[in-house]
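Straight from TrEMBL, the features:
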{"type": "DOMAIN", "residues": "24-313", "note": "domain 'Histone deacetylase'"}
{"type": "BINDING", "residues": "Asp95, Gly145, Tyr300", "note": "substrate binding site"}
{"type": "ACT_SITE", "residues": "His137", "note": "active site, proton acceptor"}
{"type": "BINDING", "residues": "Asp172, His174, Asp261", "note": "divalent metal cation binding site"}
{"type": "REGION", "residues": "375-448", "note": "region 'Disordered'"}
Amino acid sequence: MESKKRVAYFYDPEIGSYYYGPGHPMKPHRLRLTHSLVIHYGLANLMEVYRPRPAVERELQAFHADDYIHFLKSVTPDNKDEHLEQLRRFCVGEDCPVFTGLYRYCQIYTGASIGGAVKLNYRNADVVVNWMGGLHHAKKAEASGFCYINDIVLAILELLKHHARVLYVDIDIHHGDGVEEAFLATDRVLTVSLHKFGDGFFPGTGDLHNCGQGRGKGYSVNVPLKDGMTDEAYTFLFRPVMRRVMEIYQPEVIVFHTGADSLAGDRLGAFNLTMKGHADCQQFMLQFGVPMLVLGGGGYKINNVARCWAYETGRILGQELGDELPENEYQDAFAPDFRLHPPVRAEVENLNTREYLQQLLSKLMANLSRLRPPDGVPFAERPPDTLSADEVEAQQPPRGHLWDGTPAADADSGSYGGARGRGARVDMAADSGADGPDMHGRAGEGGGNAVARPLKALALNGGSLVGAPPGRDPAALLRAMR
Ligand SMILES: [Zn+2]
């Protein structure tokens, strides 16, 4: 059945060219594979496809520290030895390496998430998809877990300009620590993260009893899990918890983090979810009919990430995709079966016993029962929009038109709107791969140096909201809006 939802999809053909370095498990190239399947399954004809306007410095400052942004902007592989103190201070170097075009990469994925938020604010779409986004570990002045700029926090801040309550749901296998921490002390954002917890698994936060602070007490929901989660075990917790969250919290908009490292067979993950089980979580949330910003996230077996996100794009659009993959530019990545749903081998023993899951569910429900219902939060002051209503209107392309191929305007020029602005359409054709996977001597999964490095466990920083310059502190923004 075709969906009646108005779906907007953000993609920038540049994103797949960024390269974290030899052997690094995070491969932006996976986004090319994803987009290629989306295109060749014919899904682009069923939604509006946009190339994002890269986020500008001023937008990043809504959450991140000025000196951290300046550092990201100026550091390069060639000059990084001149920045040793900053590399240490901002935790850049190992998990989060310096690579060519790093700042631009951040601008692109963040511009798409903020652009998606603006679309939802103006009700120009029911669902916005940005598989490039979802970098949930980044902190105010610290890179973490392959993430530099936290596009999710910035998108939520944008949504809070128009919405009283935002629900954030995170099914990545890692705790959504950066987002939780940013909104720890407010009841205007309720975060729910289901993740592996314990055994020193990154990032080490997200235990059941960590549930927020001050006015935000109870509004951070953590579901700590053990290795081997199956679809059945996941559903057992996810549905009742999320149903109760929706009943009590009544969010006006949902941000859904679709990290694909919770799938079976991931290089860093240890769950046994199938794509169907993964997508069912998203579908469960969509059925409430609340506008949703859908973001990517982790996912380190890149052909499966592409399968999963293409499949989920199809589900969002109400399309059941055929199991035989369409011909595409990256065919070899899907060998040997060339199927959308290759057989899933549950390779990890499920350590989540029935008793454990039942106890966990009871505790989660008890915590949720203590939440007070929403009280119609008044807007004391609403900060200016990132785009004006007219500009948003101006960026609406006529249906069926293709982007003309002109590169996006310079990121920091400060100009908005127009055909090249945030809403400029992306070429409907999958990018040709002219500067393709071999440009950096890597060919995705099969490359010669594809050893996944373990994520190092980093201590939590002391609280991202402390010490922000006046007027830019998101906590102040939140206080102003209460
Ligand atoms: Zn992850």
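Glycine too: its Cβ is placed from the backbone N, Cα and C atoms.
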Cβ density check for Asp261 (divalent metal cation binding site), other Cβ within 10 Å (all protein chains) comes to 25
Of His137, Gly145, Asp172, His174, Asp261, the recorded positions with C-beta less than 6 Å from an atom of ligand 1, in sequence order, are Asp172, His174, Asp261
Same-chain, non-site residues whose Cβ lies within 8 A of the Asp172, His174, Asp261 Cβ center for divalent metal cation are Ile173, His195, Gly259, Ser262, Leu268, Gly269, Gly297, Gly298, Gly299
In all the protein chains shown, the tally of other Cβ atoms within 10 Å of the Cβ of Asp95 (substrate binding site) is 22
Taken over the domain 'Histone deacetylase' (24-313), the predicted model's pLDDT averages 97
One residue among the binding-site residues His174, Tyr300 has the fewest other C-beta atoms within 10 A of its C-beta, namely Tyr300
